[in-house]
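Student: The structure under discussion is supplied below as structure tokens; questions concerning it will follow.
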């Protein structure tokens, strides 16, 4: 019978991959086709076998005849470690059989993680192998020779050490037991990992048989050359060989080129806006002394925000050798007596060692304090600064974040000037339509103001803090003019401006999600 193909079919046949051709011409109508069979029969590796089956199935050359999901239990490193080093249950029994042990001292005696010991000890109590007397001392009960659960798990691990355990090969009792020690995800913490493998079998379809006849008549074997290289030309290995046909009408693969990150682009636009308003940019190191991070800002050394629970301290080196004079002495006096400000200060004994400690900067105002030393009159400065705080991560908080920090040093600046700048941040840069100013307290500003904005999903939240620097901040650093200052969370501004509901979306690794919202975000950033 003469086989007649449509033009589209001929194009498909001519562009078959050599691996596909090998599978087609080496299988008969009744032959089963699967990845394992191809590997054994044709010498493909696993990747080649799976990919070839996927190609052939998508083209209708083979058709599925069998499908089954097999579940296996694979011994994890933790399980093999228990097999090698002993189960915690075994170690508990060995210890208790040698000496009297209180339940509360068990983890300490074994030098094993408390959670692991509690779990193993609980299992032994549940099985009745151990019990407690009135003094909470552990007692080993008489065993009747019955195999314990951990001994049964040991047997299963011994079997799984050589080959994965197929669920169907396990008894009902073994399945119930192994389910307590197995996970599909996060299996590092258990003895077995659950692995699912789909067993698929195919056969040549009617179309596939026609394709095979065409290939056989065309004397195509899958050994055809796929590319023309200098070596082939030089050695003339192309002689008596056929080349694989190429379909020039097939669209080329999509190229994903690098593009500007929308969030970094947003930060760049903020910088452009502030420079356009006459500000100069400043920057500084991530690691700062407590002196500039807190002391120079008139934050007392007993302030709760300086606690180790809120700050990342540097362990090596832990302290800076010296601090700049006369500013250190001036700040010390400001804390102890108020310096020349009319204030009485905080009235405590100021510690130089504490002031020298190194920390990851917790706020951008640290750079404003450093800038005051060299500031001109009048002047405007800003920075886009990465800050670090020990915080609980949620939709509006992160352990590291960007702030835009700034100061204006000028005769005549006032709260009115500050409110105008804050409105620019909230409305023009963050895109907020509803804002409010809330009285606040910061040790380094008086008066102090927080600006809050209303998010359509998250509701009201703080965008940042601001105020006029206290004389106890400015005078010890050589400034006798009023200074307005602010620290605004750029991450939160971006949350508003880019239409997101969670700070973590700014740093997502989900490329699909980024691509879906890129057009909308890029348009908003361009319109800043």
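Every residue gets a Cβ built from N, Cα and C, even glycine.
From Swiss-Prot, for reference:
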type	residues	note
BINDING	365, 444, 469	L-phenylalanine binding site
BINDING	446	Mg(2+) binding site
Student: To the nearest whole angstrom, what is the C-alpha distance linking residue 365 (L-phenylalanine binding site) and residue 446 (Mg(2+) binding site)?
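Tutor: Distance (Cα to Cα, whole Å): 15 Å.
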Student: Taking 8 Å from the centroid of the Cβ atoms of 365, 444, 469 as the cut-off, which other residues in that chain fall inside it around the L-phenylalanine site?
Tutor: 297, 298, 368, 369, 442, 445, 467, 470, 473, 483, 485
Student: Just jot down the residues in the same chain as residue 444 (L-phenylalanine binding site), at least 6 apart in sequence, with C-beta under 8 A of its C-beta; none if empty.
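Tutor: In sequence order, 297, 298, 299, 365, 467, 469, 470, 473, 485 meet the Cβ cut-off.
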Student: Just to be sure I understand the packing, how many Cβ atoms besides its own are within 10 Å of the Cβ of residue 365 (L-phenylalanine binding site)?
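Tutor: Other Cβ atoms within 10 Å of residue 365 (L-phenylalanine binding site): 31.
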Student: Applying a 10 Å Cβ distance cut-off over all chains shown, what neighbour count does the residue listed as 'Mg(2+) binding site' have?
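Tutor: Summing over all protein chains shown, the residue listed as 'Mg(2+) binding site' has 15 other Cβ atoms within 10 Å.
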Student: Look up residue 444 (L-phenylalanine binding site) in the DSSP assignment and report helix, strand or coil.
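Tutor: In three-state terms, residue 444 (L-phenylalanine binding site) counts as coil.
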Student: Which state, by DSSP, holds residue 365 (L-phenylalanine binding site): helix, strand or coil?
Tutor: helix
Student: For a quick check of understanding: given the listed L-phenylalanine-binding residues 365, 444, 469, what is the maximum Cα-Cα distance in angstrom, as an integer?
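Tutor: If we measure all Cα pairs in 365, 444, 469, the largest is 11 Å.
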